[in-house]
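Asker: Pulled these features from TrEMBL for this protein:
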- 117-136: DNA-binding region (DNA_BIND)
- 76-96: compositional bias 'Basic and acidic residues' (COMPBIAS)
- 6-74: domain 'HTH gntR-type' (DOMAIN)
- 94-154: domain 'HTH tetR-type' (DOMAIN)
- 70-96: region 'Disordered' (REGION)
Amino acid sequence: MEPSAPPPYRRIVAEIRRRIDAGELGPGDRVPSTRRITKEWGVAMATATKVLTTLRQEGVVRAVPGVGTVVAEPPRTPRAEPPRERRPRETDTGLSRERVVRAAVKVADAEGLRAVSMRRVAAEFGASSMALYRHVAGKDELVVLMADAAFAEVELPEPAPEGWRERMEAGARLQWALYQRHPWLAQYLSITRPQPMPRAMALIEWTMARVAGMDPVTLIHMAMTLLGFVLSTAAGLEDELEAQQETGMDQDQWMAAMEPAFEGILRSGTYPMYAGVDGIEEDVVNLESLFEFGLARLLDGMEVLVTRMASGRA
């Protein structure tokens, strides 16, 4: 008796794993979406969803809010490190401001900023919420410290880009990468009610350092326009994280579930622009594509302004 063939989802899982092992798909690359799987392999949406779920459970891929399902980084092999001298601290189990902030960032990254409370962070240490008040005045101060700690992670490239456009683009990408690591951060920051955070200010200062010949008002408007664009786009990262927690579905699964309803609307012929992209296999719009498209167009516009200012025509 011949062994039965593996189910379709297993064959597709094996093929995607083969592409990853062969280097056709590298860490951070998007894997086929549920929609593409249904078209490439001719399977039902439920089967395509099971493929991505299996790959996630096996640790091969991970869901990235606003981007989709991407190849996961391979696990690092632990290296033996020489023993390091212990730094003195209050006690091995004691609290400190640095530890409280670090724990709060961990909670926000995993559960969103709304989940951060003095009680929730204290639970990370098995302590009472009152114990935290010896280190931070309350949640408002804690979140400011969290944001400043996040910006401390940014490493400014050396040597820095020489051109003003290249420098502004690099600064925007540094912000975007930071908000992807900490999705809550973009929703917390405000242009109209900024908090005094020297590390965040240092990044903006560095970003604008190569723009020459601008009056201070124009320069600050350029800086805040760029910041506002990145913030508004990145705000969707936290929205997607919260939506995943509330619905139990990632972006690909949600779009797969909504596809029948959208197809019914598109068949009406009332929305030709949307219908024009309906046949494209990959998702044509996500937060990553919006960031890339918007950043390029924004810098194009600023280049016109810089050129006019340089020629005295603005």
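These residue numbers are counts, starting from 1, taken along the chain as shown.
Cβ from N, Cα, C; glycine included.
Heads up, TrEMBL stuff is auto-annotated, nobody curated it.
Worth saying up front: this structure is predicted, and the values here are computed from it rather than measured.
Could you place these features in context, so I can see how deep they sit and what lies close by?
Answerer: Counting residue by residue with DSSP, the DNA-binding region (117-136) contains 10 helix, 0 strand, 10 coil.
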Asker: Kindly report the helix/strand/coil residue split of the domain 'HTH gntR-type' (6-74) according to DSSP, in that order.
Answerer: 35 helix, 9 strand, 25 coil
Asker: Given the model, what does the mean pLDDT over the domain 'HTH tetR-type' (94-154) come out as?
Answerer: 91
